[in-house]
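**Q** Below you will find the structure I want to go over with you.
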Amino acid sequence: MTKYIFVTGGVVSSLGKGITAASLGRLLKNRGLNVTIQKFDPYINVDPGTMSPYQHGEVFVTDDGAETDLDLGHYERFIDINLNKYSNVTTGKIYSSVLQKERRGEYLGGTVQVIPHITNEIKERVYRSGRETNADVVITEIGGTVGDIESLPFLEAIRQIKSDIGRDNVMYIHCTLIPYLKAAGEMKTKPTQHSVKELRSLGIQPNIIVVRTEMPVSQDMKDKLALFCDIDTKAVIEARDADTLYAVPLSLQEQNMDQIVCDHLKLDNPAADMTEWTALVEKVRNLSKKTKIALVGKYVELQDAYISVVEALRHAGYSFDTDVEVKWVNAEHVTAENVQELVGDTDGILVPGGFGDRGVEGKIVAIQYARENKVPFLGICLGMQLASIEFARNVLGLEGANSSEINPDTPYAIIDLLPEQKDVEDLGGTLRLGLYPCKLSEETNAYNAYNEPVVYERHRHRYEFNNQFRPDMEKAGFVFSGTSPDGRLVEIIELKDHPWFVAAQFHPELVSRPNRPQPLFHDFVRASITNKESK
């Protein structure tokens, strides 16, 4: 029978529930269990697709085209699985589904209420995640903090699940904070005690408490927490700030967290073999070289907006025993006069995805700098579109060339709406989303990176390269190295007379893994290292 683990949070948000859940998933997978994982977000948006990155951070896209929480990126990178649309559920999705059922008459005229209709819908999403993947274990992270009004239906639903399927099949893990008061020179357990008290008042008794802390947690403190929170002392797990996220699974294993979980759920599996993971962490901790990459973006104040990009750069660096330092460059501040000052000390330039016109001209200046100075360049989504526009303006001489998204009146719409997007009015969930094939041309940097004729990558865009400009740009040295199999859509572009200048319409960062870097990022970092060594 499928087992269910629920991860909740208390005291404050941003405690690392997602990393804890992902780390536990890695440990259980390495015990030979089929693990899937999901995130419940209590906001009323149907998904984060139309939310500002300042509000929510990165939007992570799954193979099947779901726009989801950035925690799913952590889940995929840690557990090395591809998640789906059932892996991220919001209050908006739940209520939308229930209201549609009510309109269809599925409740037979009954009064639709939070209990049982909303809670039943939540439970069905939990069970469905396990069914769709035939999982041995489903890990569900509940977003928000215990005590929030928004989380109550989710907490009630996961309380009911234990009654529905039995205590041996359900486990609750609660993540809290033990603050350190510098003035007093001591740590305080009271916030954790009150958080657990709040959780128990809702009918949920945690089986494990994971305490986030800056300082070591003494045995006396663990005993105190165990007494007041009514759990075993061994089930108080310390989550210290780590030098690398990838060390967290090893820390949890040292404290036997995965064994406690297996004992409670009556899972008789051998201990997790973490030899390869340990070697990865040792490599990360002992990188001997450095390279610096300029990330020119519009959301650089909130680095979570580009978290998968940064992780993909790091993964690529691991392959070359290199620590990739990201230099954050606000695109709004970049001009032709200061671009040398802002990116001249870097070994490579990356322009990530985005929407809207803010910062666009600064990105184009940075792209021109990379092209003219032979600096390795990687463009992603909007970065690919702007690389095309920069070439049209400054090589072909098409003054005013632009994207119709940025300037609907441009005389040269190098980037235009996809034909199937012309009549779309809704913003949410209507982009070209998910996994699509890309056919590569031989003897190109893109083909050399992948070494395969056809690859599959995840997309999130509404605009596309305008094919009427392809002949002129090809004549000028612009290479269309990747297209859709029918040749209609441009997927990858590069430059003929440049050491490494590649840009993709898709989001390669989404499929990178710490032990298996994404090919374009791998070769981009290699080119950046070569550039540094040649200076």
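The backbone N, Cα and C atoms fix where each Cβ goes, and this holds for glycine too.
Per Swiss-Prot, the feature UTP binding site maps to S13, K188, T189, K190, P191, T192, Q193, K224. Under the heading ATP binding site, Swiss-Prot lists S14, L15, G16, K17, G18, I19, D71, R240, D241, A242, citing sequence analysis as support. The L-glutamine binding site annotation in Swiss-Prot covers Y54, G354, L382, G383, M384, Q385, E405, R462. Under the heading domain 'Glutamine amidotransferase type-1', Swiss-Prot lists 292-534. According to Swiss-Prot, the active site, nucleophile annotation covers C381, on the basis of sequence analysis. Under the heading active site, Swiss-Prot lists H507, E509.
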**Q** Of C381, L382, E405, E509, which is closest to K224 (UTP binding site) if I measure between C-alpha atoms? They're all recorded positions.
**A** E509
**Q** State which of the following binding-site residues has the fewest other Cβ atoms within 10 Å around its Cβ: G16, G18, P191, G354.
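**A** With the binding-site residues G16, G18, P191, G354, fewest surrounding Cβ atoms within 10 Å: P191.
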**Q** For C381 (active site, nucleophile), just count the other CB atoms lying within 10 A of its CB, please.
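**A** I count 23 other Cβ atoms within 10 Å of it.
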**Q** Have a look at the binding-site residues K190, P191, M384, R462 and say which one has the shortest Cα distance to S14 (ATP binding site).
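**A** Of all the candidates listed, P191 is nearest in space.
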**Q** Which value in Å gives the longest Cα to Cα span across the ATP site residues S14, L15, G16, K17, G18, I19, D71, R240, D241, A242 as recorded?
**A** 19
**Q** Measure from the CA atom of P191 (UTP binding site) to the CA atom of E509 (active site) and give the result in Å, rounded to a whole number.
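**A** On Cα coordinates alone, these residues lie 38 Å apart.
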**Q** Measure the Cβ-based neighbour count of T189 (UTP binding site), defined as the other Cβ atoms within 10 Å of its Cβ.
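**A** Its Cβ shell of radius 10 Å holds 19 other Cβ atoms.
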**Q** Roughly where does the domain 'Glutamine amidotransferase type-1' (292-534) sit in mean pLDDT, to the nearest integer?
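**A** Across the residues of the domain 'Glutamine amidotransferase type-1' (292-534) the model's pLDDT averages 94 on the 0 to 100 scale.
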